[in-house]
Amino acid sequence: MDAISKTERRKQSLSVVLSTYGPGLLVTAAVAMAAQFLSEHYGAPAMLMALLLGIAFHFLAEEGRCVAGIELSAKLVLRIGVALLGMRISVDLLIGLGGGTILLLVSAIVATILFGLVAARLLGRGWRLALLTSGAVAICGASAAMAIAAVLPRNEFSERNLIFTVLSVTVLSTLAMIGYPIVAEYLGLDGQATGIFFGGTIHDVAQVVGAGFSVSPEAGETATLVKLIRVTMLAPVVLIFSLVLRSVPQEGASIGKRAPLVPGFVLAFLVLAGFNSAGLVPVLASEVGMAISRWALLAGIVAVGMKTSLRRVLEVGGDAVALVVAETLFIAVFILAGMYYLGHS
């Protein structure tokens, strides 16, 4: 009798969970699939489609049965997607690229973030937006923005700033995918140098691949490798941000429990990267993990879009646009200067 009552309680609990979160999760999944469909059939970036479609369904996040599930997608599902990116990372990537190029990439990331903080101050913008935009530009675009946003102290502008950052870096990545091959040809870069330029400067992975292989197989393969090295820096940078922000009293942050010393999704990213480096992750498992990561990130950005009013995004101002454009130009010039110093041409 007791066993039957336990079974009934489990069924009731499951029913409550499904009824609470199910509608919102299903809605974000459906919109994510629509975004992927549009991306595959019309060539638009999937992240951009997910974001715009999410904003169009903003009314679903205001009230009703979908609210809880949308909130879960915007937080837990999104962080699962970031954590699973670790399955793409291995020590072999670092070895295959060479010390000089790796040092250039690390220097570019640090310099871009510092430049973003200084530029934001000159433009009268806050440090939260500076860390968000410069981190996204320096590392891996929308994925980095979502990971960094998860450890920043929250205020009334948090979701607006995240949406703006994802939107701006995705648009700039698409423009770079079109324009940077012209720049590379004008500068007379060879296949490897072109790949380093694309992989070290374009924000999102998909656009890096598109730009690289539009030039040559060598440029595409090198660009992808270089970009994955930048993705490797995501966890260390987010961890450093988290540690620094914990040690500094924050003004204007919403009151709540303190963030953990090491965010769980960052720890999972590092563990998965370690397993992959040790050869403990089968190829099939890695492919499945990356597919789940891609869909989780799409669903997460759909949910973030749903939670944000387009009117509030438009309030961000021209100086914020100038900031992210300046950061994009800065990392491009920095990488090109470093390449010429190292003899890549």
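Cβ atoms here come from the backbone N, Cα and C positions, even for glycine.
If you look up Swiss-Prot, you'll see 13-32 (among others) marked as transmembrane segment, on the strength of sequence analysis. Sequence-remote contacts of a segment are chain residues at least 6 beyond its ends whose Cβ falls under 8 Å from one of its Cβ atoms, and for the transmembrane segment (13-32) they are 50, 53-54, 57, 60, 65-73, 77, 295, 298-300, 302-303, 306.
For 42-61 (among others), the entry in Swiss-Prot reads transmembrane segment, with the evidence type sequence analysis. Through the fold, the transmembrane segment (42-61) approaches residues 24, 27-28, 31-32, 34-36, 67, 70-71, 141-142, 163, 166-167, 170-171, 173-174, 204, 206-207, 297-299, 301-310, 313 of its own chain, all at least 6 residues removed from its boundaries and within a Cβ separation under 8 Å.
What Swiss-Prot lists as transmembrane segment is 93-115 (among others), and the listing cites sequence analysis.
Annotation source Swiss-Prot lists transmembrane segment at 130-152 (among others).
Using a Cβ-Cβ cut-off under 8 Å and counting only residues 6 or more beyond its ends in the same chain, the transmembrane segment (161-183) has close neighbours at 45, 47-48, 51, 55, 128-129, 132-133, 136-137, 141-142, 145-146, 149, 194, 197-198, 201-204, 206-208, 210-211, 214-215, 301, 304-305, 308, 313, 316, 320-321, 324-325, 328, 332. For 161-183 (among others), the entry in Swiss-Prot reads transmembrane segment, with the evidence type sequence analysis.
The transmembrane segment annotation in Swiss-Prot covers 193-215 (among others) and rests on sequence analysis.
Here the transmembrane segment (228-247) has Cβ contacts under 8 Å with residues 82, 85-86, 88-89, 93-94, 97, 101-102, 105-106, 109, 113, 131, 135, 138-140, 143-144, 147-148, 150-153, 199-200, 205, 258-259, 261-263, 266, 269-270, 273 of the same chain, all six or more residues outside its ends. What Swiss-Prot records for 228-247 (among others) is transmembrane segment.
Here Swiss-Prot flags 262-284 (among others) as transmembrane segment, drawing on sequence analysis. Counting only same-chain residues 6+ beyond the ends of the transmembrane segment (262-284), those with a CB under 8 A from a CB of the stretch are 79-80, 82-92, 147, 150-151, 232, 234-235, 238-239, 242.
Annotation comment: Swiss-Prot describes 291-310 (among others) as transmembrane segment, evidence class sequence analysis.
Residues or ranges marked as transmembrane segment by Swiss-Prot: 320-342 (among others).
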Cβ-based contact of the transmembrane segment (93-115) with the transmembrane segment (320-342), 3 or more pairs under 8 Å: yes
Can you tell me which recorded stretch out of 130-152, 193-215, 320-342 has the most Cβ pairs within less than 8 Å of the transmembrane segment (291-310)? 130-152
Beyond the flanks of the transmembrane segment (193-215) by 6 or more, those residues with Cβ under 8 Å of it: 45-47, 101, 104-105, 108, 136-137, 140-143, 169-170, 172-174, 176-177, 180-181, 183-184, 221-231, 328, 331-332, 335-336, 339, 344-345
